[in-house]
Amino acid sequence: MKTVTEFQNKNILVLGIAKSGYAAATLLQKLGANVIVNDGKPLAENVLAAELQAKGMDVVCGGHPLELLERNISLVVKNPGIPYSNPILVAAKEKQIPIVTEVELAYRISEAPFVGITGSNGKTTTTMLTFEMLKEGQKHPVIAGNIGTVACEVAQDAKENEVVVTELSSFQLMGVELFQPKIAAFLNLFEAHLDYHGTKKEYGLAKANIFKNQTENDYSVINADDADVMALSAYSKGQKVLFSTTKEIEDGACIKDNALYFKGEKVVEVGDIVLPGQHNLENILAAMSIAKLLGVSNKAITAVLKRFTGVKHRLEYVTTINNRKFYNDSKATNMLATEKALSAFTQPTVLLAGGLDRGNEFDDLIPYFKNVKAIVTFGQTAPKLVRAAEKAGLDTIESVDTLDEAVVKAYAHSTDGDVILLSPACASWDQFKTFEERGDIFIQAVHKLI
């Protein structure tokens, strides 16, 4: 960990606890700050808050009183999930108090360089692929961010010869000031999180923060097939490395002659890749580009791609019952992810979908229903999904209250050779704490059928 003195004796407000807030508060105390921790949940229900209080921190729970900002606050470190429209953040901004997220702290203390990966879809898969390729290539990666350990915990122990590989959301990237990844990858942009950002434009600009401090000594890995990403790459001063699944890229990554190429050199045959789905070729090209930029050999990259079958909750094969294959794609929290999941199968498919209503309609899914024989909807968006299914002319459309019911109904509507796919196209927070919990409940419900 770097020697950092900028926080000593400063009053710093950590807003929202959870894992990242707990880690940030603990780190700041270690760095000599006077830490004030604030969380909306009452102290009696807040185990982490009680632990921080026991460490000697000033902990205020049960709301976000504006009076906290009268304590000569030098910096606010916010939980990514707390929107900037929250009154305490609006007031902090008016007072010109800097507002950052925990990943910014991680960067400031880390001796190791960062690789940052963002995009609407494919972040987790690309992050895991990158980690595995760097590990196989003996580049000493450590994984942090939305997957793995909280970034500022990892950064405390990361050494100069290591690489911190981070999956970064728009929520996290809105709160960076100095964050400068050695390599920044922007995979794609799809209309999402409008309840948080308001517009696709603002959402895209938040993502583009991954580029804002890069220099000509850094690299920006960019999806040449995504017009929005290409436009936002103008914010990068780094060396641009493009990847594409549709056209040849001489100075980047592409597919030609049924193989993956990087800067004109064949790296791996498509036939050696075990990860299913056409969309995953984009993720592989991005990860491969990062690995090659960091000096990983073709042999190491190929070894990973011959064994890497995917990440949990992302087109995860669950089991086969009476020749019906079940897949858990609970991480599909928006339409684009579900479109890609549906495109991965040619068999008749029974789709389970639904979740938190963020204001979207689902007509964009209609062209992808060509192999969908039945849909079972649940959650807040069930009526909207039913409307889209009716427009698509599906014969079998059902709505149920719970995911357990949805699994039973989906199996009842299936026949020999079908795929039964959970790909919700929505966030999980209307009925579940996380998409992981939703996926686990789906898997449990499937096993009850056996």
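Residue positions begin at 1 at the first shown residue.
Each residue, glycine too, has its Cβ placed from N, Cα and C.
Source: prediction; values computed, not measured.
What Swiss-Prot annotates here:
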- Gly119, Ser120, Asn121, Gly122, Lys123, Thr124, Thr125: ATP binding site (BINDING)
Cβ within 8 Å of the mean position of the Cβ atoms of Gly119, Ser120, Asn121, Gly122, Lys123, Thr124, Thr125: remaining residues of the chain near ATP: Ile117, Thr126, Leu187, Asn188, Asn283, Ala337
Of Asn121, Lys123, Thr124 (the binding-site residues), the residue whose Cβ has the fewest other Cβ atoms within 10 Å: Thr124
Chain-internal residues near Thr125 (ATP binding site), provided their CB is under 8 angstroms and they sit 6+ positions away: Leu275, Asn280, Asn283, Gly310, Val311, Arg314
Conformational class of Lys123 (ATP binding site) under the three-state DSSP mapping: helix
Other C-beta atoms that fall within 10 angstroms of the C-beta of Ser120 (ATP binding site): 27
